[in-house]
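J.: Mind looking over this structure? Questions follow.
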Amino acid sequence: MKPTVALVGRPNVGKSTLFNRLTRSRDALVADQPGLTRDRHYGQGRVGEKPYLVVDTGGFEPVVDEGILFEMAKQTLQAVDEADAVVFLVDGRAGLTPQDKIIANRLRQLDRPVFLAVNKAEGMKHAIAGAEFHELALGEPLVISAAHGDGVRELMELVLEGFPDEVEEEDSRHPKFAVIGRPNVGKSTLVNAILGEERVIAFDQAGTTRDSIYIDFEREGHTYTIIDTAGVRRRAKVNEMLEKFSVIKTMKAIEDANVAVLVLDAQLDISEQDATIAGFALEAGRALVVAVNKWDNLDGEQKENVRREIARKLNFLDFAKFHYISAIEGRGVADLFKSIDEAYRAAMSKLATPKLTRVLQVALERQQPPRSGLIRPKMRYAHQGGQNPPVIVVHGNALDSIPASYTRYLEHTFRKVFKLQGTPLRVQYKSSENPFDNDEKDKPRAKPKPMSKMRGREKEVRYGKNSKK
């Protein structure tokens, strides 16, 4: 599982700048998805062979003009407590402040690594920039410039030193799904409905604040693993009014699942947080099933309004199946499993190269990719580049400027033909020269003869053999 790194510090020390630098390589994965609005306080990154999740806790801090920190928001404290490592950012130009000391006192109580990074040190000698911060007793200060990238790689290499390199994902032979969603939408009720009251009691166990609970169970002869982020409890103990939303726990659960079940509350408007959580799953490439809960509490007109709002605000989830359920009554829960199975099969599909190439050729016959300047991209063949989510690699020439709209056209075509309902689909391009191409248009043109050998013939053509100059 990817380690989670929390960025901590008082306002205006450069947390957002550092966050953007650490996550910029991942932004393009969802940037071209129409309708997706993404909260920029979480993301993914990589240093060499080590991937990581990163959370900018500054996004959860209250915005106040005075009396700042350490009355950090509850979610900031929760994120710090749940992270695998913490980067404490201070301002090398402003120097040590009372707020820095208060935050450091809290961080010294943690039982996980804390790395002190002195930011905004452009043009300063490292020894001078970090000198006064030794007082915080958090180890040797690491001097960086988030704006220019100086020292950032060295910082992250040190942070990730104790964590293993990326390993191949476990080839799960059955669906492993996470129930995700914002607070108070009925996740715990749905988990209880899925497992059954007896099953919940049998598996009732204390989980730590940092870990979700993994439960294997069988349903109609099929094996599943459910990842419960809220904690499995007896129904009498469930009090969703007290439920806290954990960004880190949700991110980790999605990363470790092969299917995510997103729970929405039909009685509430689709919120930014709903779209953000959906964005987690989309960026991670996870298969997705959406459960719209408390559906039985609405009348006909209200139901139609909810459907319209979902279509407008979550249109980037057009690949997912939507189910309208009542978790507390158990209505619609059985149908969820049909979609979970379908999404899992789609995510783990194996796609044959000959058929992929034939489908590509049909798509090209219907609609060619647009020209980029004077050059039209040429697509030759396709093969599968990965699973969970399925990745289709298209080979050809001049494929560096394919617009997002044409990529979505190909995604739609592949999805329809291969019946990839319920999973995101990635189409990637690889430009290369094809030495076996016999297309006359691609053959190099004959080189013109040297002028010295053409001089006499040129004169004959222009003047004639017996013409006078």
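The backbone N, Cα and C atoms fix where each Cβ goes, glycine too.
Copying in the features that Swiss-Prot gives for the protein in this structure:
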- 9-16, 56-60, 119-122: GTP 1 binding site (BINDING)
- 181-188, 228-232, 293-296: GTP 2 binding site (BINDING)
- 3-167: domain 'EngA-type G 1' (DOMAIN)
- 175-348: domain 'EngA-type G 2' (DOMAIN)
- 349-433: domain 'KH-like' (DOMAIN)
- 429-469: region 'Disordered' (REGION)
J.: Looking only at C-alpha atoms, tell me how far G9 (GTP 1 binding site) is from G181 (GTP 2 binding site), rounded to the nearest Å.
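T.: G9 (GTP 1 binding site) and G181 (GTP 2 binding site) have their Cα atoms 28 Å apart.
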J.: Quick one: pull the CA-CA distance for N12 (GTP 1 binding site) versus N184 (GTP 2 binding site), whole Å only.
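T.: Cα to Cα, N12 (GTP 1 binding site) and N184 (GTP 2 binding site) are separated by 33 Å.
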J.: Please identify, among the binding-site residues K15, T57, A121, the one with the smallest Cα-Cα distance to W295 (GTP 2 binding site).
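T.: Nearest listed residue in space: T57.
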J.: Using T229 (GTP 2 binding site) as the reference point, find which of the binding-site residues K15, T57, A121 has the shortest Cα-to-Cα distance to it.
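T.: That would be T57, nearest by Cα distance.
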J.: Kindly assign G181 (GTP 2 binding site) to one of the three DSSP-derived states: helix, strand or coil.
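T.: Looking at the DSSP assignment, G181 (GTP 2 binding site) belongs to neither helix nor strand, so coil.
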J.: Grab the pLDDT values for the domain 'EngA-type G 1' (3-167) and give me their mean, rounded.
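T.: The average pLDDT of the model in the domain 'EngA-type G 1' (3-167) works out to 78.
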J.: For the domain 'KH-like' (349-433), what does DSSP give as the number of helix, strand and coil residues?
T.: 29 helix, 24 strand, 32 coil
J.: Under 8 Å between C-beta atoms and at least six apart in sequence, can you list the same-chain neighbours of A121 (GTP 1 binding site), or say none if there are none?
T.: G92, R93, A129, G130, V143, I144, S145, D150, G151
J.: Within a 10 Å radius around the Cβ, which one of these binding-site residues has the most neighbouring Cβ atoms: K15, K187?
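T.: When each Cβ's neighbours within 10 Å are tallied, K187 tops the list.
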